[in-house]
Amino acid sequence: MRVLLSNDDGVHAAGLRALAEAFHGDEVWVVAPDREQSASSHAISLHRPLRLLEVAPRWYAVDGTPTDAVYMGLNLVLRDARPDVVVSGVNHGPNLGNDVLYSGTVAAAMEGALLGVNAVAVSLAAPPPHDFGEAARFAAALARQVVARPPPAPVLLNVNVPPGPVRGYRFTRLGRRTYGNEVVEKTDPRGRKYYWIGGEGRVHNEDIPGSDCNAVLLERLAAVTPLHLDGTHDPMFQELRSWTVPGYEKEPAP
C-alpha cells in the first residue's frame, strides 16, 4: 500500500513520526509543512512561490500550509504514482465538532479527498506529554480498511482518539463546541498594544448523544466521523425556493 502522510504540526512533529511507524511495511511518503501550521484551515498559497526540501528519503518539507503540502505531494512528488490513501496527523490535540473548520490537520486530509484520494485525519485528544502510538496504530488500521473497501466516491474520515489504549470506537456525527472567544490585549516594551486570539478561555462541549465530542470526551472511545465535502445547507436550500428578491427575476431550478 502506498501512503501519503502530512500534518499541520510540521515535518519533524512526533505525531507524524508515530504515524509513519504505524505504516511500517507499507510504501510511506511524507510531504508536510516545514513548521507548525495549526488552525491554518484550508489556506493555499497562490501569490508566492513554494520551496520543497527532501529532508530524508521520501520525506519532504514544504514552506507552506498543510493544503500546499498535500497538493504538492499529489501533483508533484507522487504525480506518477498516486497513493492509495492520504493520512494527516497525528495532531497534537483534538479536532472535534466545529474544530474541523479551523483545523489544518483536517484540511490536509480534505485536500486529498478533493483531489480524488481517500483520506483520514487523526488527532489525539489528550494534553501533553503525548503518546501518539495508539492513535497512529488505530488510524493505520482504519486506513487499511478504507483501501480494502473503497467507497464509490473519495471519502474523508475524521478520527479523534482519547488518551491511553483504544478500548473501542464509534462512528459519530460532528458535535458542537463553544469557545471562549476572547481577545487578550498586551503591551510590548515600546508601549504598543498587541493581541492574542483565544486566550485561555474554556471550551464548552454540548452534550449531544452520538457526537464525536461525547464519544471521545465522555465515553473515552475513538470517534470516526465521515465528513461531507458538499457544504450545502439542504433545509435552507428548500426554504429559499419560496423566497423572492424584490426587483430581480428568479430563474427556475433545473
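Including glycine, each Cβ sits where the backbone N, Cα and C put it.
Feature annotation from Swiss-Prot assigns divalent metal cation binding site to D8, D9, S38, N91; the stated evidence is sequence analysis.
The divalent metal cation site is set by D8, D9, S38, N91; from the centre of their CB atoms, other residues of the chain with a CB within 8 Å are N7, G10, A13, G15, E36, Q37, P66, G89, H92, G93, S103, G104, T105.
The number of other Cβ atoms within 10 Å of the Cβ belonging to N91 (divalent metal cation binding site), over all protein chains shown, comes to 31. Considering only the binding-site residues D8, D9, the Cβ with the fewest other Cβ atoms within 10 Å is that of D9.
Classification of N91 (divalent metal cation binding site) by DSSP places it within a strand.
Every protein chain considered, the tally of other Cβ atoms within 10 Å of the Cβ of S38 (divalent metal cation binding site) stands at 17.
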